[in-house]
Amino acid sequence: MIEAELSLADDRDDLDYRERLPRVRIVPRIRSLCSLGTVRRRVHVLQWLPKYRVQYLLSDVIAGVTVTLTAIPQSIAYGILANLEPQDGIYSNLVGCFMYFLFGSVKDVTVAPTSIMAIMVQGVVLRLGPGAALLTLLAGAVTFLFGVLNLGFLVRFISMPVITGFTTAACLTIGSAQLRSLFGISSKGKGSDFIDAWENVIHNIGQTRLWDTLLGFSSIAFLVIFRLTKDCGRGKWKVFFKYLSLLRNALVVIIGASLAYALSLEGIEPFKLTGHVEPGVPPFHVPPFSITNNGTHYAFGDMISVMGTSIITIPLVSILEIISIGKAFSKEKIVDATQEMIALGMCNMAVAFTSPLPVAGSFTRTAINNSSGVRTSLGCAVTSSMLLLALALLTDAFYFIPKATLASVVISAMIFMVDYRGIAEIWRVKKLDVIPLVGTVIACLLLGLDYGILIGTAINCCFLLYLISAPTITMETILLDSSCHTLLVRPASDLTFSSAEYLRDRITRAVAEAYEAPIDVVVLDGAGVNFVDTTVAKNLLCVETDLRAKEVGLVLWRWSRATAGALVRLDRNFLPLLRDDKELGEVVRGWREV
């Protein structure tokens, strides 16, 4: 019996019921982090490169080149989407890929600028200009710190409905931001948020350019058709359509640029073009800690104020992306979330010295990498090398890429990024989950993506807090020995401060409402309770006092040593109430004997 054991422990002066706190060894932990073994484990290339086989090389080169053909137009498009120069998108992709080659642990994952990252930094770029590189540096440092401290559990608070809502709102926001380029409208408007983008298009619809619009919608149709036909045909035709689908972005950009170049030779310029792209190696710039942009000086504190919640939301979203993508393509292998956070943090901290555009896991390019047969992370190094080669040799060709074509690349990607199946599953499985989904979508569209995901998570946490504050408690009145009416109370989960008053109220009301057969004893079964706090212990003491005033007994049955110890540490009067008999009848008989 718990009472006897605790009393015996007290007689031995052993104080066995004292709380046993975990031993925290800080110095050994710091030493292990700084050890050579940790460096070898975390610089992941040191693990797989010594085991590299020559027969892997051809597959890695093919995959790296194939990814590059999609990466170039998308990187340029996302650089423009973020209100940066076209080459900034390529710089981010180049550096991000190389750093992931060194630190990444999933061979298929490709780290690159994404539409969500571009839309999340574009407001900061508008106000800080090149100073937005500080946001990329801080976001990378926060991500790296999450990895070092094993804080990946924070992502668990972002539920599937919130993720689906965020992705849906991001697709709508990103697609809306591209309407200006799709219609050839010159006015940039107030911003690229969902409402601002539509307001700009509606107010300036008269600026629509016919040839940009025709090219843009034709390109979208081309991209959608070849995306849908990727599994068509049989044998060689199936392989043909598969690679045609993989290269569709590169093809539509090549066709658009070739058309613009051919027309320019005739002195005709019907399309708005990307313009000059800076050639050469990415320049090295230390992220500024104060900056003057558009005549306004921003000190470090002002820059942090402009960045706001983005310092936290960008790491959370990028971590969520890379871990979910890694799990999707790891073929049931365990993904080292800590390593992926460290890798992503290193990628963004390095990117900050060349471009303000942060990187994350790219689902599209990872899928291409996987389908191209990549064998190791060397494919990322090949992609990085090919991007550097493109900056050296192809920047003149980039000049003629129509902006409408780049807009079509982004919009067509957004069409397929919306998780239509996930929305249907949420509706079918639990209609209550529609509330955080819709709340996240509305908040993201009205307030921005960074605030939206926080509000969506807060809505979901409100549901979680409600469930914690009102746990499932089953109550059953049992007649024992033909004369003892017993109220058996079974909490189904742990008890915390938020549920303390709820438990007390349920017991008090159940006893008061038992008019036909007054309750003699309340047996509180703690088999499903593994945690109680001070508030719960205090309320249980009040329950015992209330019941005693009504001449009703209280027995605490099957409480673990940890939970029983918490009660005894508050008041030793709990000791006589604790019992661990196997049968309820034995519990009641023991209580009556006392």
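Even glycines carry a Cβ here, placed using N, Cα and C.
Features of the protein shown, as given by TrEMBL:
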DOMAIN    487-556  domain 'STAS'
TRANSMEM  56-78  transmembrane segment
TRANSMEM  98-121  transmembrane segment
TRANSMEM  133-158  transmembrane segment
TRANSMEM  210-228  transmembrane segment
TRANSMEM  240-263  transmembrane segment
TRANSMEM  303-323  transmembrane segment
TRANSMEM  378-400  transmembrane segment
TRANSMEM  406-423  transmembrane segment
TRANSMEM  435-468  transmembrane segment
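For the transmembrane segment (133-158), same-chain residues at least 6 beyond its ends with a Cβ under 8 Å from one of its own Cβ atoms are 33, 121, 124, 285, 287-289, 303, 307, 310-312, 314-316, 318-320, 323, 337-342, 344-353, 355-358, 453, 456-457, 460-461. Beyond the transmembrane segment (378-400), the same-chain residues lying 6 or more positions past its ends with a Cβ under 8 Å from any Cβ of the stretch are 52, 56-57, 60-61, 63-65, 67-68, 71-72, 75-76, 86-87, 90, 93-95, 97-98, 100-101, 104, 107, 110-111, 257-258, 260-261, 264, 273-282, 369, 372. Remark: the transmembrane segment (303-323) makes no contact with the transmembrane segment (210-228), by the rule of 3 or more CB pairs under 8 A.
Between the transmembrane segment (56-78) and the transmembrane segment (210-228), the number of CB pairs under 8 angstroms, six or more residues apart, is fewer than three, so the stretches are not in contact.
Note on the domain 'STAS' (487-556): DSSP counts are 32 helix, 14 strand, 24 coil. Proximity of distant same-chain residues to the transmembrane segment (406-423), defined by a Cβ-Cβ separation under 8 Å and at least 6 residues beyond the stretch ends, is recorded for 73-74, 76-78, 80-81, 115, 160, 164, 167-168, 170-172, 174-175, 178-179, 181-182, 215-217, 219-220, 223-224, 227, 249, 252-253, 274, 363-364, 437.
If one looks beyond the transmembrane segment (240-263) by at least 6 residues along the same chain, the residues whose Cβ comes under 8 Å of a Cβ in the stretch are 66, 69-70, 72-74, 215, 219, 222-223, 226-227, 229-233, 269-271, 273, 368, 371-372, 397-398, 400-402, 404-406, 408-409. Confidence for the domain 'STAS' (487-556), expressed as mean pLDDT, is 91.
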